[in-house]
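In what follows, a structure is listed as structure tokens, so that the remarks can point back to it.
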Amino acid sequence: MLNLKHLSIICSILVVAIISMSACHCRVLQPNDLKLIEETCKRTPKPNLCLQLLKGDPRAPSADTASLALILVDVIKAKANEAEKTIKQLLKQGGNKKALSECAVDYKGILILDIPQATRAVRGDPKFADDAVSDCAVEADICENRFNGKSPLTHVNNGMRDVANVARAIIRTLL
């Protein structure tokens, strides 16, 4: 039989466990958290890609629409950085130097001009954010076309274009 001392210890352990669980930074998506993400992604040209990207970001459950757009701008930035690394590797391997060098300039422009503009404009004047992410898709297409159908960057360029078009659709809901 449990005495008062044992009962006191068990209660203390339970209290500590409850406090620890409430302080945990782990978060399970609740149906209400997902509603804005799902509704927003339905309005994009690639809803499954949108859902994958946003559900994978810990900021998304508590985000408003502008914040969802900013999460995708961050994805665009990551893709542009990835493209730059890939281009550098291909240049070292002796690929089409002219086309690759021009693509490097395209992606540098995305990082230096488009990403900062989109980031500033999402909560300011979303039209400028729309223009910036639209330019990201255009730059990816220009890079792709530099190779006349034999691009070693097709996967990278398509990924950039797809994410930019998803971000653009979300930004347009802010206009």
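Any Cβ shown, glycine's included, is placed from N, Cα and C.
Quick look at what TrEMBL lists:
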SIGNAL    1-26  signal peptide
DOMAIN    32-170  domain 'Pectinesterase inhibitor'
Per-residue pLDDT averaged over the domain 'Pectinesterase inhibitor' (32-170), given as an integer: 96
Within the domain 'Pectinesterase inhibitor' (32-170), residues counted as helix, strand or coil by DSSP: 113 helix, 0 strand, 26 coil
